[in-house]
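J.: I'd like to ask you about the structure that follows.
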Amino acid sequence: MLWIWAVLPLVLAGSQLRVHTQGTNSISESLKLRRRVRETDKNCSEGLYQGGPFCCQPCQPGKKKVEDCKMNGGTPTCAPCTEGKEYMDKNHYADKCRRCTLCDEEHGLEVETNCTLTQNTKCKCKPDFYCDSPGCEHCVRCASCEHGTLEPCTATSNTNCRKQSPRNRLWLLTILVLLIPLVFIYRKYRKRKCWKRRQDDPESRTSSRETIPMNASNLSLSKYIPRIAEDMTIQEAKKFARENNIKEGKIDEIMHDSIQDTAEQKVQLLLCWYQSHGKSDAYQDLIKGLKKAECRRTLDKFQDMVQKDLGKSTPDTGNENEGQCLE
């Protein structure tokens, strides 16, 4: 009976040793497998890419990858890019093609070479426009010279105009010096005459503020949106949308829906803001939004349009006399 108790510890120790050995072997096999995977990643020859467990050939220009290859050195399943909308100009293994560049006619650009499956669109400045920076997205209208041209405008440089002679400048300065006091005297005379007329005619005392409503909070902006968009670049329209809390996903959706029509993209970006904002206080908030997006030129034109329309829409019998007093 005593020999059983003596042998039992030896049996248990042997069992634990076998379990430990099996666990060590399992870890060793896992490390070997990982090492083989890493070696497979590094074993792809130059020009091949790792597609699952295999080294695959890239897709050719004008195509995109649909599925990886099924054997080492094999060719993946590739599909052509969308003609006229997408391109790929080199060997690759991406599952998407690049989008073709659009030439914005509203900003002086026109197509030089159409987009193909293997080449992006090439844009150039329209006649009488130029751009002096690389990767140009906005061409500028060539200057017109009042005193003659030294060098004509080209696609990459503005017109070089002949400068005005010092003698002409002296004449101009003299005229300005004489005109300034005359204008001052004339304006003072008109104000005095206007004040007297208003005193004599009670009906004409109506303030000009009544002819142009002070509160434009409920002014409908629907008819102004296309005219505002026409004056903005697509970058300014996108910046306006971002600065006024339009989500990036919605901006991308609008850009994709009208991918070939820059003018429509700009209109839809502004309409998206207007629809989400509502009519109430839209006039004041649009002005704030344009300032925030640094669209000063567009803001000035918009205010001029509204001022002009409001002036026409409010007839008044005293307008003629009052208009002369606005100076």
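The backbone N, Cα and C atoms fix where each Cβ goes, glycine too.
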J.: Of Thr206, Thr317, which one does Swiss-Prot label phosphothreonine?
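T.: The phosphothreonine feature in Swiss-Prot corresponds to Thr206.
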J.: Looking at 47-71, 122-146, 222-246, which one is region 'Interaction with CALM' according to Swiss-Prot?
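T.: In Swiss-Prot, residues 222-246 carry the label region 'Interaction with CALM'.
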J.: Under Swiss-Prot's annotation, the disulfide partner of Cys97 is which of Cys78, Cys81, Cys115?
T.: Cys81
J.: Quickly, which of Asn43, Asn218 does Swiss-Prot have down as N-linked glycosylation site? Just give the residue.
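T.: Out of Asn43, Asn218, Swiss-Prot attaches the N-linked glycosylation site annotation to Asn43.
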J.: I want to verify the bond table. Which candidate from Cys100, Cys103 sits on the other end of the disulfide that Swiss-Prot records for Cys115?
T.: Cys100
J.: Swiss-Prot annotates one residue of Ser15, Ser217 as phosphoserine; which residue is it?
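T.: Swiss-Prot annotates phosphoserine at Ser217; the rest carry no such entry.
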J.: Taking every residue in the topological domain 'Extracellular' (22-169), what is their average pLDDT?
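T.: So the average pLDDT across the topological domain 'Extracellular' (22-169) works out to 84.
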J.: Whole-number Å only: compute the distance from the Cα of Cys59 (disulfide bond) to the Cα of Cys153 (disulfide bond).
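T.: Between the alpha carbons of Cys59 (disulfide bond) and Cys153 (disulfide bond) there are 44 Å.
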J.: Would you mind ranking the disulfide-bonded residues Cys69, Cys97, Cys123, Cys161 by how many other Cβ atoms sit within 10 Å of each Cβ and giving me the lowest?
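T.: With the disulfide-bonded residues Cys69, Cys97, Cys123, Cys161, fewest surrounding Cβ atoms within 10 Å: Cys161.
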J.: In sequence order, which residues at least six apart in the same chain have a CB under 8 Å from the CB of Cys145 (disulfide bond)?
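T.: Cys145 (disulfide bond) has long-range Cβ partners Thr159, Cys161, Arg162.
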J.: I'd like the Cβ neighbour count for Cys125 (disulfide bond), meaning other Cβ atoms within 10 Å of its Cβ, all protein chains included.
T.: 24
J.: Could you break down the residues of the topological domain 'Extracellular' (22-169) into DSSP helix, strand and coil, giving a count for each?
T.: 28 helix, 41 strand, 79 coil
